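Annotated in TrEMBL:
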| type | residues | note |
| --- | --- | --- |
| SIGNAL | 1-25 | signal peptide |
| DOMAIN | 44-145 | domain 'SRCR' |
| DISULFID | Cys70-Cys134 | disulfide bond |
| DISULFID | Cys83-Cys144 | disulfide bond |
| DISULFID | Cys114-Cys124 | disulfide bond |
| DOMAIN | 169-282 | domain 'SRCR' |
| DISULFID | Cys248-Cys258 | disulfide bond |
| REGION | 290-313 | region 'Disordered' |
| COMPBIAS | 290-302 | compositional bias 'Low complexity' |
| DOMAIN | 307-407 | domain 'SRCR' |
| DISULFID | Cys332-Cys396 | disulfide bond |
| DISULFID | Cys345-Cys406 | disulfide bond |
| DISULFID | Cys376-Cys386 | disulfide bond |
| DOMAIN | 417-525 | domain 'SRCR' |
| DISULFID | Cys492-Cys502 | disulfide bond |
Amino acid sequence: MRPVSVWQWSPWGLLLCLLCSSCLGSPSPSTDPEKRAGSQGLRFRLAGFPRKPYEGRVEIQRAGEWGTICDDDFTLQAAHVLCRELGFTEATGWTHSAKYGPGTGRIWLDNLSCSGTEQSVTECASRGWGNSDCTHDEDAGVICKDQRLPGFSDSNVIEVEHHLQVEEVRIRPAVGWGRRPLPVTEGLVEVRLPDGWSQVCDKGWSAHNSHVVCGMLGFPSEKRVNAAFYRLLAQRQQHSFGLHGVACMGTEAHLSLCSLEFYRANDTARCPGGGPAVVSCVPGPLYAASSGQKKQQQSKPQGEARVRLKSGAHPGEGRVEVLKASTWGTVCDRKWDLHAASVVCRELGFGSAREALSGARMGQGMGAIHLSEVRCSGQELSLWKCPHKNITAEDCSHSQDAGVRCNLPYTGAETRIRLSGGRSQHEGRVEVQIGGPGPLRWGLICGDDWGTLEAMVACRQLGLGYANHGLQETWYWDSGNITEVVMSGVRCTGTELSLDQCAHHGTHTTCKRTGTRFTAGVICSETASDLLLHSALVQETAYIEDRPLHMLYCAAEENCLASSARSANWPYGHRRLLRFSSQIHNLGRADFRPKAGRHSWVWHECHGHYHSMDIFTHYDILTPNGTKVAEGHKASFCLEDTECQEDVSKRYECANFGEQGITVGCWDLYRHDIDCQWIDITDVKPGNYILQVVINPNFEVAESDFTNNAMKCNCKYDGHRIWVHNCHIGDAFSEEANRRFERYPGQTSNQII
């Protein structure tokens, strides 16, 4: 393949030639010597593995030498330009931290900055050719749309790598293939090569190799196998070896990244004196395959986890949060790579990392950022064992929150559920497969009490992300020939991996409303909103007001006062109100929209506004034992974007019957001085209490995370004044800190101290 001018052969250059009458040959050379040198001999290719033909590590040949691009400041716009250089129409994504393996040679470009409209990468700003402070652990990659530019010829630009690749790995049970319960944890290691599945020769096979294979298949660790049994079994079976000489360090995310050798087609003696490689993997707590393993894991003393994942659409993915000084916080994505991500995944009971995510791809956190520049070798048992930098306020922002996608064991759960009748694969009537006496059969789910939490589990089991809606009536979706209701009384907490883990009636179904029209349905989505209350503002703005009754007629009409107000001597007297402001942020990846459309909003004449949600927030005063002594609620009479982050534009405004909602990156402010923004504490006796605010309490609108919808404060009331302190989001503290919060001095007797 000879070097060819990008201008001469690129279809974008040809298109410009057609549009410009003065362009009759090669374009005039650039006056910029650096740009001219780059554009007169560049070749591009996709490299690395595992990958598909339209993705990979970007490599550029300049002056006869191949090199890579550093991921610093790399964006989707740069990926668009590079994909067009590679002959694809556009980019659908990009990768960092050498996802496709580290390259070799020069790092040609660093701090690459493109607008996305450039015809050549030479038109983008950078530090200059060959000027970089990166290592190959920071090589950038692209994921292009699998669609070629018209008239593009592969041989002009892309150099195809002619070598074998390990495309996929699996464990095949040595006995009972097809009858073993899932997930399969022990058996022969098989790799898929272009000509089919093959075994791996076990000569030189090590625990490090097993560690890598188990991690790829979703298991955090491995254990020793009965080598004598498998060696005896191997003598009675025929094997097809395709791989040998595997030597892993144990930190690789994929077997392809290990040193290995493929057998040639003419190799007649394969694996002499050896047998097929065998592994035995240990599943994490969520995937323990047998009761014995579960008991064994439960018998070990378990402290509170110091790492967790939040806001992921699928199991084993999410924003990484760590526990420090009893408070949860996020991790900055600087230096974040597959090694660090794999440590997190294995610590949480999953396999190695499939992706290390940067740029708050799993939504932005709120509160502290605890760690930055985490550098793991991949062998650490906890993220806290990795060298890291303690964060300072100016170091990082939540737009740089790190995330992960982990490898998961194959359980086959998605084969036991399906959707029918919908307009797309993301919606439809839910059908589940049940066993029992006789053959397996498909059936429907009774729609009684089916809601958002149940729909979340169904969408998760289907692998379709979050639930937009859980529907109790599906008459508009044809169920075909499936009419039997086989499951009823389904009640989920929202965290289950499949519907069969939720509580339900069992084999005897009971449905209040019969018929296929009253069966359960879902609409799933890959993104969801995530509402979070600004707890510090509640603490800063709380105060008591004695408000005359003659000013509370509209509030009484909307049930914003305690029940004792009905027997008050209207319009004389007053009610004592605990007032505060609430600022509700949407930190998810989709706008928060009311469940009901504008056609069904309710007009309230007294206040002169529409309610898009009857109950948007609950306000409660609780005793230390959880007894409710006062309550309030707020209808969403105006869900709008009050303020937004710098780079986000407002989309929702209530004026003139406008659309209501909260945009991602914006917040809705309910000021302390508006009606119903209070709790009526007229009947509350002096004492120590807990102030609790819960957003979206009835789960009317789907969110990526409901655990952060509650906010709690310690509250001390002496009959005349009130002190509100220690306000925090419900899941922001450690378990021990939460226990201390609920036992602070004076609460045991509920008397003022």
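Every residue, even glycine, has its Cβ placed from backbone N, Cα and C.
Curation does not apply to TrEMBL; its annotations are automatic.
Here the structure is a predicted model, which means the values were calculated and not measured.
Non-local neighbourhood of Cys406 (disulfide bond): Gly218, Gly316, Glu317, Ala341, Val344, Cys345, Leu348, Phe350, Gly351, Ser352, Ala353, Arg354, each in the same chain, at least six residues away, with C-beta under 8 Å from its C-beta. Around Cys492 (disulfide bond), the same-chain residues six or more apart in sequence whose CB sits under 8 Å from its CB are Leu453, Glu454, Met456, Val457, Leu499, Cys502, Ala503, listed in sequence order.
Predicted-model confidence for the domain 'SRCR' (417-525) is 89, expressed as mean pLDDT.
Of all the disulfide-bonded residues listed here (Cys83, Cys114, Cys144, Cys258), Cys114 has the Cα closest to the Cα of Cys134 (disulfide bond). Cys332 (disulfide bond) has Cys70 as its nearest neighbour among the disulfide-bonded residues Cys70, Cys83, Cys114, Cys248, going by CA to CA distance.
Shown for the domain 'SRCR' (307-407): DSSP residue counts in helix, strand and coil, namely 16 helix, 34 strand, 51 coil. The disulfide-bonded residues shown are Cys83, Cys124, Cys258; of these, the one with its CA atom nearest the CA of Cys376 (disulfide bond) is Cys258.
Local packing around the disulfide-bonded residues Cys70, Cys114 was summarised as the count of other Cβ atoms within 10 Å of each Cβ; on this measure the leading residue is Cys70. If you count neighbouring Cβ atoms within 10 Å for each of the disulfide-bonded residues Cys124, Cys134, Cys248, the highest count belongs to Cys248. Shown in sequence order, Asn209, Val212, Val246, Ala247, Cys248, Met249, Glu252 are the residues of the chain, 6+ apart in sequence, with a C-beta less than 8 angstroms from the C-beta of Cys258 (disulfide bond). For Cys70 (disulfide bond), the nearest of the disulfide-bonded residues by C-alpha distance turns out to be Cys114; the candidates were Cys83, Cys114, Cys144, Cys386, Cys396. Note: the Cα of Cys124 (disulfide bond) and the Cα of Cys396 (disulfide bond) are spaced 26 Å from each other. Take the disulfide-bonded residues Cys83, Cys144, Cys376, Cys386: by the count of other Cβ atoms within 10 Å of each Cβ, the lowest one is Cys386. It is 30 Å from the Cα atom of Cys83 (disulfide bond) to that of Cys396 (disulfide bond).
Ranked by CA distance from Cys386 (disulfide bond), the disulfide-bonded residues Cys114, Cys144, Cys396 have Cys396 at the top as the closest. Other C-beta atoms found within 10 angstroms of the C-beta of Cys332 (disulfide bond) number 23, with every protein chain shown included. Around the Cβ of Cys502 (disulfide bond), the number of neighbouring Cβ atoms within 10 Å comes to 19.
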